[in-house]
Amino acid sequence: MREDSSSSAPATPTARVRRRRGSNEIPPDVSKANGNHLLVGDKNKYKSILLRKTHEDSHLPGFRQLNWHFFFTAMLFVYGRILSQRLVNTVTSDKFLYQLVGRLNKYHMVTCYFLYIAGFMWFILTLKKKMYKYQFGQYAWTHMILIVVFTQSSFTVANIFEGIFWFLLPASLIVINDIAAYVFGFFFGKTPLIKLSPKKTWEGFIGASVTTIISAFVLANVLGQSQWLTCPRKDLSTGWLHCDPGPLFKPEYFAVPGWFPDWFPWKEIQVLPVQWHALLLGLFASIIAPFGGFFASGFKRAFKIKDFGDSIPGHGGMTDRMDCQMVMAVFAYIYHQSFVTPQTVSVEMILDQILMNLSFEEQRALYTKLAQIIQESQFGRS
């Protein structure tokens, strides 16, 4: 009689892996082989999560409207602070609109605060027993998304109003860095850079850094020649911009050293002062900004997804293209305000404060008072 070898084999911890029936656990080998798919081999679980979420939302009437209320409040607060002065400058020709916008601008912050308090009270009054955890989780997610989206996008809008140059140059550097990293990595890449992105290599990272810094210096000269790109936008009109380019965009000339070969066509080189600032932007775009992409890669791996979307074939969605752009936009604005914008009080800054904070009658009284002071000063000198 032949004995069954399986019954006589000693029981070891690795001999048999016990799994509960209906378990949602993913075997390690399957997970590794299909790491790019969301909840691999467990589509029913993903479907049940969506159905449960839809079921929970159906028991919370007005909950989606509450999220939109917070969205509108955040948008009004963030963009209202950026666009308020431009809106005032746009309607100066109409007295009624000017006074209306001035009033709205004056009470902008208190309006946003009470809109948020209304949403906060709305949330408290809609809390339901046995759904507290879900509701507070959604409340936290809503606030986190609003902070991330509006905080970073507001810097992009602010850069545009400082001059399209300060939006277009940083955005272009990120694109150049992304393309150069792919090209250098494809042809020369051998040494892995970071585990979160297995396809990223040191060769691609270094090659892209050098390319981005050189491109920043050259591209700043090209973009800096256009007055429409360098002039700041003071209102919400769409007309062509004309302004004094300022010292940053006025060329400086440097003589070519004598050791240059005779066939070199230029005897002097034209450099815009803004090009030295562009070198620092290029350095940040090539070394620091890619970590925004690494963060996005880690986030996608945590949820076992390949891309955030599929609107761009082969490249994922818009979010996949914007991961580094957001980090770069924040730095570009902070750098511009810290090292480019003059820190002294200027006539334009004083006029902006007058237009924003004083009524029409107060501005007229100020004008009369200034005229009186100037006349007395001139009379005293004579």
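Just so it is clear, glycine is given a Cβ too, placed from its N, Cα and C backbone atoms.
Database features (TrEMBL):
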- 1-34: region 'Disordered' (REGION)
- 1-15: compositional bias 'Low complexity' (COMPBIAS)
- 68-87: transmembrane segment (TRANSMEM)
- 107-127: transmembrane segment (TRANSMEM)
- 139-158: transmembrane segment (TRANSMEM)
- 164-189: transmembrane segment (TRANSMEM)
- 201-223: transmembrane segment (TRANSMEM)
- 274-296: transmembrane segment (TRANSMEM)
- Task: Six or more residues out from either end of the transmembrane segment (201-223), which same-chain residues have a Cβ under 8 Å from its Cβ atoms?
- Result: 165, 168-169, 172-173, 176-178, 180-186, 188-193, 229-230, 270-272, 274-275, 277-279, 281-283, 285-287, 290
- What else in the chain is close to the transmembrane segment (164-189), if you only count residues 6 or more beyond its ends and a Cβ gap under 8 Å? 156, 199-209, 211-212, 215-216, 219-220, 223-224, 226, 228-230, 274, 278, 281-282, 285-286, 289-290, 324-325, 328-329, 331-333, 336
- Please give the sequence-distant neighbours of the transmembrane segment (139-158): residues at least 6 beyond its ends with Cβ less than 8 Å from one of its Cβ atoms. 67, 70-71, 74-75, 78-79, 82-83, 123, 167, 325-326, 329-330, 332-334
